[in-house]
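Undergrad: According to TrEMBL, the record shows the following:
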type     : residues  : note
TRANSMEM : A:6-28    : transmembrane segment
TRANSMEM : A:75-98   : transmembrane segment
DOMAIN   : A:128-413 : domain 'NADH:quinone oxidoreductase/Mrp antiporter transmembrane'
TRANSMEM : A:134-152 : transmembrane segment
TRANSMEM : A:164-183 : transmembrane segment
TRANSMEM : A:203-227 : transmembrane segment
TRANSMEM : A:239-260 : transmembrane segment
TRANSMEM : A:272-290 : transmembrane segment
TRANSMEM : A:297-314 : transmembrane segment
TRANSMEM : A:320-344 : transmembrane segment
TRANSMEM : A:365-384 : transmembrane segment
TRANSMEM : A:404-426 : transmembrane segment
TRANSMEM : A:447-467 : transmembrane segment
Amino acid sequence: MTGDIVGIPWIVVLIVLPLTGGMACFLFPTISKSLGLIFALAIFTAVVGLGWQLVEQGAQRYAIGGWGASLGIDLYADGLSLLMLVTAALVGLGVSVYSGAYFSREKAKHFWPLWLLLWAALNALFLSADIFNLYVTLELLGLAAVALIALADGADALNSAMRYLLVSLLGSLFYLLGVALLYHSFGSLDIAILAQRMEPTPAVWSAVGLMSAGLLLKTALFPMHFWLPAAHACAPAPVSALLSALVVKASFYILLRLWLEVFALTDTSLGQLLGLLGATAVLWGGIQALRQTRLKLLIAYSTVAQLGYLFLAFPLGTNIAWKGACYMLLSHAIAKAAMFMAAGNILRFCGHDRIADLDRIAQRLPLTLTAFALAGVSIMGLPPSGGFIGKWLLLEASMSAGQWWWAVILILGGLLAAAYFFRVIGYAFTRAGLTHEVGVVPARMEWAALVLALAAILLGFISPAALELMGIGTPFGGERAG
Amino acid sequence: MSGVFLYALLGVGLFVLGLYALIIHAHLLRKILAINVMGTGVFLVLVALAAGNPDAPPDPVPHAMVITGIVVAVSATALALILMLKVSVATGKNHLSDSTRD
Amino acid sequence: MTDNRKTGKALRLLLVSLLCAIAAWLGYAVLGLSLSHVGLGQLVGANLEASGVSHPVTAVLLNFRGYDTLLEMGVLLVALLGVWSLGGMPDYDESSPGPVLDILSRLLIPMLMLVAGYLLWVGAHAPGGAFQAGSVLGAAGVLMMLAGWRLDSRFAGLLLRVVMVSGLGVFVMVSTAMLLIGNGFLEFSPPMAGELILLIEAVATMSIGATLAALFLGSRPAVGPDK
């Protein structure tokens, strides 16, 4: 480690900033709203800085404390990390703007420090190259998420927060036992070094099983999604947005890294199993979403379905399939955040979120309904949205791999999504039997949702550049023929 | 077979025993205890195997990992316990209710 | 009813056999490990000189893998924030402590503080360190609260929050300061390393002790009238 790093080590800044922000908001609760927004902007800028650095210099490795792996902990940033950081920054900024108006004074005091520490956990997780360090970030993330869910009052929220905490801890412990087995097999915790030393022993297979099971539980892949709908539906709207957009993706990211780099397991029969579970999730989540009577639960089940798409890349294992799945991840995150915010606005406006009683929302909350509809376009995968690009890439990958049945799932999933969204839109235009007391929705809450939804559409237009950024440092291996 | 493996196997046993208790028991306090038993199992595996080489002093890295793990476990348990109390005040039950579950 | 019970029993049997299979497989995997040549023990030993402390576990915790410890302080803070945001424990009876507890705590608390200080100091070259010392301090705090002591509301505002945050705060500040003076993040240069680690550990001990005691109390101490 020489001292001649050109420019600022953004990779460290991205971790220090949200940690400092969280502490500052905790120390000075009266100005936490302004502090939170300032730090959100600063973090966003730092992500741009890191992106610029990656474009100029390629993938970055940073040895914390100057020791270097295996003795120390390394941070590592490539195109995949950048994608996750950008997702977090976009959603994070949107949520920060939205939350500035959403929470009461008393709740805001708790929300801001927890949210910024959650952001710190996300950034640290996306940048870590060390499997034990990843465990610590997972726990930081999980506890912050639980505390944020519990900010919503009421028995349902507490109940789902409790279940989420137990599930989250269980998943982490499975992961940690896997870490123990890997460390005692190879004497290192660094992902790159483990990848070099990897050999298929019983201990390694156990680690594969334990770590995958733990992470899949946290990612809520069918049939381990049972905790997700209640938790995501009961949380306060901006927290729902964070959970669906970012928190479940964090454990997916670790799983992806492990399978791609450490275990090199894709396009095996285990990969087929994940693909199968993913396909079932797409259909099951879609059907359950259709059956829901409450808007937030519908959106939560839609998340179950959308998470399924991410796993369709595992049986394919080609560069283009990974890029498709990652594009789905990015566009789902942004669209789903927008959608939960829109649902939060509707809930604030009507005082309920029963789909059948959405009394002429279209006329009375036009901005919010536009946001909801635009986000729906991306979730359904219609052109020109980001969701369309992701599905298109996955479709291309499955056809060129000769595994056409995944394409059928993609199309069926899209049809189901269309069915449940048009149902909501339909009720939003019609007069309901009951009229309701109207709450006031602050303008910034409507605009935050709309801008994010527009961003999800915009992703369809900037896909060549985005896909190129994603490929920095070749996180998905070289170009392989399908 | 040395004592190292005996303790490591004991750790595996605790992990699975905790998992069983977590699934079987509905009472939240038992679930939280079960999670802690599982955690102890993992810590035991880590520390026991750290003394694997009889000719050298034990590997300090797993010890440090366990200390970090314990702090995490304490924090999580504290949050879980208060959440449990809140749940029981709000719902009058000391187990999870399944109202919104499919 | 009996059918239910029967299926319940069958399910439980299935679960037990499944878990036994998992345990057997994990046991087999553990027994297959060859442990003689792996591990970072030697590497830690070789770099111990440069770490600023002479006890290998402390060296790993505060220097080689100090970043883990930094984030772990964050976990502790998040747990506290979570507990405080839940608004505290349901009321429980505050009975006055009996004379035994009262006298015992008066005797024990100074002793516990002394032990905590010793553990903190000895951590540099023998088993001990910030977390061990912090837990003893936390125990002292718990004992004080059981004996009926409560934090004066004058200190329950900013000052208390500063103490809670200081463990993470000082760690982040020192690590970032290293970056600003031209080292790497969390890179302690050898002549100062021992002192910096002691500083971080001392503050962390207080912060951990206070946080643990606060987690035990379960609610945010009442804040006096807003200033």
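Cβ from N, Cα, C; glycine included.
Those TrEMBL annotations? Automatic predictions, nothing curated.
Surface or core, plus neighbours and distances: that's what I need for these features.
TA: Long-range contacts of the transmembrane segment (A:6-28) within the same chain: residues 35-36, 38-40, 42-43, 46-47, 49-50, 53, 57, 60, 62, 64, 75, 77, 85, 112-117, 119-120, 123-124, 127, each at least 6 residues beyond the stretch ends and with a Cβ under 8 Å from a Cβ of the stretch.
The list of residues near the transmembrane segment (A:75-98) in space but at least 6 beyond its ends in sequence, with Cβ under 8 angstroms from a Cβ of it, reads 11-12, 14-15, 36-37, 40-41, 43-44, 47, 50-51, 54, 59-62, 64, 115, 119, 122-123, 126-129, 191-192, 237-238, 241-242, 245-246, 249-250, 253, 256-257, 326, 329-330, 333-334, 337-338, 341, 344, 444-445, 447-449, 451-452, 455, 469-476.
Distant neighbours of the transmembrane segment (A:164-183): 131-132, 134-135, 138-139, 142-143, 145-146, 149, 189, 194, 203-204, 206-211, 213-215, 217-218, 227, 231, 251, 254, 262; these residues of the same chain sit at least 6 beyond its ends, with a Cβ under 8 Å from one of its Cβ atoms.
Note on the transmembrane segment (A:272-290): residues 216, 221-223, 225, 229, 298-299, 301-312, 314-316, 405-406, 409, 412-413, 416-417, 419-420, 423 of its chain, located 6 or more positions outside it, place their CB under 8 angstroms from a CB of the stretch.
Here the transmembrane segment (A:297-314) has long-range neighbours at 219-222, 225, 228-230, 232-233, 240, 244, 248, 252, 259, 266, 271-272, 274-275, 277-286, 288-289, 321-322, 324-325, 328-329, 332, 336, 339-340, 343, 355, 379, 390-391, 394, 397-398, 406, 409-410, 413, 416-417, 420, 424, meaning same-chain residues at least 6 beyond its ends whose C-beta is under 8 angstroms from one of its own.
Note on the transmembrane segment (A:365-384): residues 302, 306, 331-332, 334-336, 338-339, 341-343, 345-346, 349, 390-391, 410, 413-414, 417-418, 421, 424-425, 428, 441, 446-447, 449-450, 452-454, 456-457, 459-461 of its chain, located 6 or more positions outside it, place their CB under 8 angstroms from a CB of the stretch.
Same-chain residues lying 6 or more positions outside the transmembrane segment (A:404-426) and placing a CB less than 8 Å from one of its CB atoms are 275, 279, 282-283, 286-287, 289-290, 292, 295, 298, 302, 305, 308-309, 312, 315-316, 355, 358, 362, 369, 372-373, 376, 379-382, 391, 394-395, 398.
Counting only same-chain residues 6+ beyond the ends of the transmembrane segment (A:447-467), those with a CB under 8 A from a CB of the stretch are 90-91, 94-95, 97-98, 323, 327, 330-331, 334-335, 337-339, 341-342, 345, 367-368, 370-372, 374-375, 377-378, 383-389.
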Undergrad: Who are the long-range neighbours of the transmembrane segment (A:320-344) in its own chain, taking Cβ under 8 Å and residues 6 or more past its ends?
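TA: Sequence-distant neighbours of the transmembrane segment (A:320-344): 80, 83, 86-87, 90-91, 94-95, 98, 102, 232, 236-238, 240-242, 244-246, 249, 252, 256, 260, 295-296, 299, 302-303, 306, 309-313, 353, 368-369, 371-372, 374-376, 378-379, 385-387, 389-398, 400-401, 445, 448-450, 452-453, 455-456, 459, 463, 466-467, 470-471, 475-476, 482.
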Undergrad: Who are the chain neighbours of the transmembrane segment (A:134-152) in space, where the CB to CB distance is under 8 Å and they lie at least 6 residues beyond its ends?
TA: 103, 107, 110-111, 114-115, 117-118, 120-122, 124-125, 128, 158, 160-161, 164-165, 168-169, 171-172, 175-176, 179, 218, 231, 234-236, 239, 242-243, 247, 250-251, 254
